[in-house]
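Record features, source TrEMBL:
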{"type": "REPEAT", "residues": "86-128", "note": "repeat 'ARM'"}
{"type": "REPEAT", "residues": "127-169", "note": "repeat 'ARM'"}
{"type": "REPEAT", "residues": "168-210", "note": "repeat 'ARM'"}
{"type": "REPEAT", "residues": "209-251", "note": "repeat 'ARM'"}
{"type": "REPEAT", "residues": "252-294", "note": "repeat 'ARM'"}
{"type": "REPEAT", "residues": "293-335", "note": "repeat 'ARM'"}
{"type": "REPEAT", "residues": "334-377", "note": "repeat 'ARM'"}
Amino acid sequence: MGACSSCCADRNRSGLYEPLLQENEREAVADLLQYLENRTETNFFEGDPLRALSTLAFSDNVDLQRSAALAFAEITEKDVRAVDRDTLEPVLFLLQSHDVEVQRAASAALGNLAVNTENKLLIVKLGGLEPLIRQMLSPNVEVQCNAVGCITNLATHDENKTKIAKSGALVPLTRLARSKDMRVQRNATGALLNMTHSDENRQQLVNAGAIPVLVSLLSSPDTDVQYYCTTALSNIAVDAANRKKLAQTETKLVNSLIGLMDSTSLKVECQAALALRNLASDEKYQLEIVRSRGLTPLLRLLQSTFLPLILSSVACIRNISIHPLNESPIIDAGFLDPLIELLAYDENEEIQCHAISTLRNLAASSERNKKAIVEAGAVERVCALVLNVPLSVQSEMTACVAVLALSDDLKPRLLQLGALDVLIPLTDSSSVEVQGNSAAAIGNLSSKVEDYQPFISVWDAPSGGLHGYLSRFLESVDTTFQHIAIWTIVQFLEGRDSELIDLITRSPEIIPAVRQLTQGLDSTSPHQQADGDNMMNDESEIVGLAKRVIHMLSQTEKDY
């Protein structure tokens, strides 16, 4: 992105230098010609070469100004470095010329210099935005192109973005995004994209009327314009208020983005899926994407070998899967096998997280879907991977198992597949979330089971076994952990398996810990004081469950 390539054409015009030049101007012309002959060995940004250029730039003679502007454009095309005020001031002065050729070449030179990070800041600091905005309003396409290209480069620096947004540049940028000249359109949409990386600037863009322009340009034949507009809309859709506005005014947006997922450009496909992902933060769009047949292209991208495409599509399907009405359509569209394959995608933790989170969402509200996920091999894959994946992935995987374990019909299958062998070690994870999810999964598996042999077989191992986990959680300062453990023990006792009850009764840690919980927590506990009323409610439930355990054990002793 940047200056139009034709801005420096016609460098060797005849009659550039009119008679009646000032003496210093004649000397500057002669010196500059000599420096240009040895340009590869000359530094034009300091000393005598810069003085010669500056003399011509500040001249009242338009031909000399043209000569200086063209020289600056040619030099900066090949040599871009950090420069100081002495270099930028003559270029900025030339920008204010009324001569189109001077404007064209000067804006090209400034756009070239604006590639350098330090120069971006200095150009804006020295007041470069105002003349650039005036040039964007020029009827000359070349001038427009170069001015917009320079703004685009300046807008890549975070410190400049707010200044550009407040400078009045957004309205002409938005207008030029509709230019019939593809170079101008490319630069303008690129500049608008660069302005979408902060909340404040996105709002300024919306106020400038950029949304309908960006949406209309999704159908541009130019892939760069498609990419800039798709990415800009993706960024705009991060904000809930903007999504609402898009939903009210841009009825063709979803269909346009779905169409772009079949683009010949990988980067356009990727950004289209990301834009849909951001839109799918809202329920309306979650449903609309499915209704608009967005699942088929998403599934194709999901099965790509290109990591960015996989990531963008799996992130999108994760958001879409949040809506209960989308669960069955996603499963029926054939997503289960590819999602399960992505659980082992150890090149990218985020992809693994999105894949398992999607499976958890798909399992949330339907026994049919839970069964389909288990039959597709998700539990085997999780059990094989979960002990060796990053903590974030472990958290999602254990949460998914906890959801699947809610199904009474599937519990025997999960136990048979060895779920306890991986869940028990994870109750001692360094992550509180992983601990809690694993314990919740064990608790769900413990309820209404006909055969408690799988629990008995892991009483002492692995990693201290079920016994060690229950003891730790009962003695924890975390009331949620205490609650899970005491509730799980109640499920075991209600299962009336004599061998398991005997193991619980004979434990030197479990029964004393349960008796302690019947007394309630220390009212002076800082943990309790911090959590307030919720803590007291938890404590009341824990005390009730603990007393129930003691009562059930006493009844069991009488029965036996």
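Each Cβ is built from the backbone N, Cα and C atoms, and glycine gets one as well.
Summed and averaged per residue, pLDDT over the repeat 'ARM' (252-294) gives 98. Counting residues of the repeat 'ARM' (252-294) by DSSP class, helix then strand then coil, yields 31 helix, 0 strand, 12 coil.
The helix, strand and coil residue counts that DSSP assigns across the repeat 'ARM' (334-377) are 30 helix, 0 strand, 14 coil. DSSP assignment over the repeat 'ARM' (86-128) gives 33 helix, 0 strand, 10 coil.
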